[in-house]
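As written in TrEMBL, here are the features:
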- B:12-35: transmembrane segment (TRANSMEM)
- B:42-59: transmembrane segment (TRANSMEM)
- B:65-87: transmembrane segment (TRANSMEM)
- B:143-170: transmembrane segment (TRANSMEM)
- B:199-222: transmembrane segment (TRANSMEM)
- B:234-262: transmembrane segment (TRANSMEM)
- B:274-291: transmembrane segment (TRANSMEM)
Amino acid sequence: MSETTAAPQAPVSTQTRPLLEVRGLSVAYGAIEAIRDITFSVQAGQIVSLIGSNGAGKTTTLRTISGLLRPKAGEILFEGRPIHTQPAHAILGMGVAHCPEGRRLFPRMTVEENLLLGAYTRSDDGVAEDMERVYELFPVLGERRQNKAGLFSGGEQQMLAIGRAMMSRPRLLMLDEPSMGLSPIMTQRIFDTIRNLRDLGTTVLLVEQNALAALAQSDYGYVVDLGRTTLEGSGHELLADQRVRDAYLGES
Amino acid sequence: MATLLQQIVNGLIFGGLIAMVALGYTMVYGIIQLINFAHGEIFMTGAFGGLAVYTWLLPAEAQKIWYVALPAMMVGGAIVSLVVALLMERLAYRPLRNAPRLAPLITALGVSVFLQELTRIVYPGANSAVPFPNVFSAAPVHIGSITIPSSGLLMLVVSVVLSVVLQTYVNRSRMGRAMRATAQDPDTSRLMGINPDRVIVLTFGIGAVLAGIGGVLYGTYINNVDPYIGFQNGLFAFAAAVLGGIGSIRGAVIGAFVIGLIKNIADIYLPGGTAYDYVWIFILLIAVLVFRPQGLFGEVERVRA
Amino acid sequence: MKTAMARPLSAIGSVVLIIGALLPWATFVLNDGPYPDKATLEFFDAPFGLSSFRLYLEILGLAGIVFTFVPVRDKIRVLKSIGWGAAGISVVNLLFIAGDGGGLGAITAADGVPAFGSIVAVVGSAVLLFGAYQLPPEPLTVIDSKLPWWAEWLILLAAFVALLFLITETLTAGGHSGVSDPYIGPLFLSYLSAVGALLGVLHAFGVTEWISDMSERHRVFSIVVLVLCAVAVPFTSVGNDYWMTITANIGVYAATAIGLNIVVGLAGLLDLGYVAFMGIGAFVAANLSGAVAAEFHIQLPFIVAAIASGIVAGVFGAVVGSPTLRVRGDYLAIVTLAFGEIFVRVSQNNIGGLTGGSNAIPNIPDLSLFGAQFNDAPTIGGLQLPGGVLYYFLIVLLVALVMFVFGNLKNSRIGRAWIAIREDEDVARAMGVKTGKLKILAFMTGATLAGLAGAVFAHKLATASYDSFQFNQSVTLLAAVILGGMGTIPGAVLGAALLFVLPEELRQFKDYRLLFFGLALVVIMRFRPQGLIADRHRRAELADEDTTGESLDDTAIKEPVAVAAKEAGA
């Protein structure tokens, strides 16, 4: 466990080159800086979470990684290649999928069409196969594949959103608040699914306000506050840290 | 009774024409929420493009054979419309993608005036109406006391066929899916790997091709064109798109037929006759905008009213 | 590193510019105009000239050299203004000579006569501009000194007199009273470019801003001086029948444009059928004027008829504005467009015999005051005034009234509420602004002013015809508001003046008038959406975008705000 500094090279661990590296990233909306000089990295095969309060800049970070926003400063490396200059639609093709906050399904399209859109950039034959895999993972989707996505419950919509993101066969899956608005049971199911995906080889970058649940599942975590990473460590270390407990786990 | 039936037939023919223009309005609005005022002018340039092909490219023998001349003119008109529309998108609208909403609308007005004037100045003789050859001069069809001009029938058939093809394309194909996705949620579409610029260009392109073909068919039906045909017919087409629920393909087609029928029935049965038919259509347009802005088939959530 | 190149480049550019001005410009002699003595050929072919466009270029070139080496604040804006002015002059004359002289030969060398002046000047201004753009951008200079009131009055007086002089010179730059001088187009455009460069330099020095601050401090004084200046126009070099008519027309359209500015510029409601209200005013006035063709054969005093026109137009404004309760944004624009089209159709068809249809309502009686017919040329104290001068005065009065209404509204509670609606209607409503009432009020006020203008218009023209109130007129008015600058009075006046004077001065290009309008709308929206004279409020917004908007793509500008709000607020 270490406290991150503002220095761009904050060696997190000495493993192999991380899958995703974010260095000194700053993003501004007009004159307002939403994130300043944020630095973190995601090792392949892990679940890494960014936790922090509202307005800390977590969503902005994910939107910048996926190319919806442009950074003011800093760089983002995916598999060693800079991606922060690429448009959003190209970044997906490189292997980064982003499951946005609030699911953002296409409500007037069917489950199947939503999944097909997830596989939009693919032209291989595996699409139908992958679609079946999503249906296996979430049978409720398979049963109602011709129904409009807007008619589903929150938990089912989250499943579909994850399934849709998986359809591009990403190497890095970014999930923004997957537990938002879900019942505890459903939240548990979603986190089980995320672990399952990690075990199948997908790296996961998770943004959560539900710090307890997120850290418990994560291999590594960062605390983001006022647009910076302030603490980092393995999920268990952070869970045990008094400052984290005070600030985010509602203990005092 | 015979008059009424005749007016209904005329209305359907006019509706078929309006539908081909209305589709462009509705699709562009669906994707980027822009009322592309200049779309009527795309239709107009298509008509002139077809006329230019006939006048300067077709040899005299080919001009007489309708199944050579007409397809050639339709292709020529479609290409001219396509090129104009893509230039317009690239040079005028794309730089304004993030501008306040009034800016692209005013730009569209500017493009509309510019294209009218450019055509008037550049096309020989376009200072006044230019005669358009009646390429498709098969004998009119008579059913009872009703007469259906062959070029009108052609316009109706082509319009319906193209609408069905378009609807199928948008509902079934991969790019069609991308278009619908972009219309529903542009940001999330980008996360799906959809390049919004490509979708927008495709949308403008499809609209332009339909309008260009419509322009050529209009010419063969009315037998003269001028640089201002786009404005008036464009307004009707826009009214049709709004009536049907802007953003909806089916709505635009049905709206177009409703407009066509109202116009032709108003000519005979509403007070004022032909002099006031436009007035009735605009009153209908205002009423729809005020009382049912989502139109007949539009979905409420999309409407920004 | 870039900045280091700026000085040599702009200096070289300026020198080349002067050389260009001194060279011959045309290889041929065009002396076939109806006024050979006025259309002198030295104007183009003689080298070393010290008049007209050559003079402007020489001055600009000298200024370029001086400002390159003299330390001034905001050097980039100064040199940019000079460069663009010079480029304008050079390109206009190059195109004119090439066009009139039958191609490239006219501006290069033909029949053993070399004439590279225009090309050299174009190159010079390009180099100068290139150098200027290497300089770092600077914030706009602000002169923040307050003088005693009498000194400020004197400065304002001087500024307005200078403005009056500039305006009359601009009007007559292409010759007096519209005789068909074949060089009127390039002469006028050259002059306009030079004036533009001058104003640009003054703007860069903060002078224009300083004066406008001063006039803001002394509003009443400024208005009085401005009105006096306007009243003085007929006594200057443009004091003839021709210019009285033109300036009166400009005045009517300027008044209408200011009215439209309330609707579009302040309240942010796009009105595409605005000229219809002017039409309604014109027809009401025509019908109450006792014209033979009118439906009612009554003749009311003009002032009563004008008020009636304003009221009727205002009522229609409220009716057309009422959909704003339910319809927003571009849908509203379509409602107004549809209304405008209905108006044109209905008046074309002479509905109820009120509009005269395609025959119009002709022979609307001339106004008279104390026995003086408005179209006659009055004599005051032995001084012969041009014909139509009384109409001119009436219209000055109208413009002053409309400006007064606009200025007071803008700085009132209502005006602030309108601006709030323009910026964000939902927020405005949440803050307790009665958006519905206020939007209708905006339409009503705008329509009333247009109705008044229409009444004057009908009497001035002596005719009211549906043809004057077509869609194109609405577009032109809108273009005037946008070109001048949305939400500002000088903007609307400048816009109206440019859009209605330019066609007069450029009659040889009249055919291309609408083409240029269309193109101008597109170009302005692309490069200067705030217009020539920007509203302060808006300028602040746009300046903010300048610093951050550069690399954000697509939805990145609208969306982040929402996200930021969400992240900050939730």
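Here the Cβ of each residue, glycine as well, is placed from N, Cα and C on the backbone.
TrEMBL does not curate its annotations; it predicts them automatically.
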Quick one: do the transmembrane segment (B:199-222) and the transmembrane segment (B:274-291) reach 3+ CB pairs under 8 Å, ignoring pairs fewer than 6 apart in sequence?
no
Across B:42-59, B:143-170, B:274-291, the most C-beta pairs under 8 Å with the transmembrane segment (B:12-35) come from B:143-170
Report, as numbers and ranges, which residues of the same chain sit near the transmembrane segment (B:42-59): CB under 8 Å and 6 or more residues beyond its ends.
20-21, 24, 68-69, 72-81, 84-85, 88, 115-116, 119, 123, 126, 130, 132-133, 135, 207-208, 211-216, 218-219, 225, 227-230, 233-234, 237
For the transmembrane segment (B:274-291), sequence-distant contacts whose Cβ falls under 8 Å of one of its Cβ atoms, 6 or more beyond its ends:
232, 235-236, 238-239, 242-243, 259, 262-264, 266-267, 305
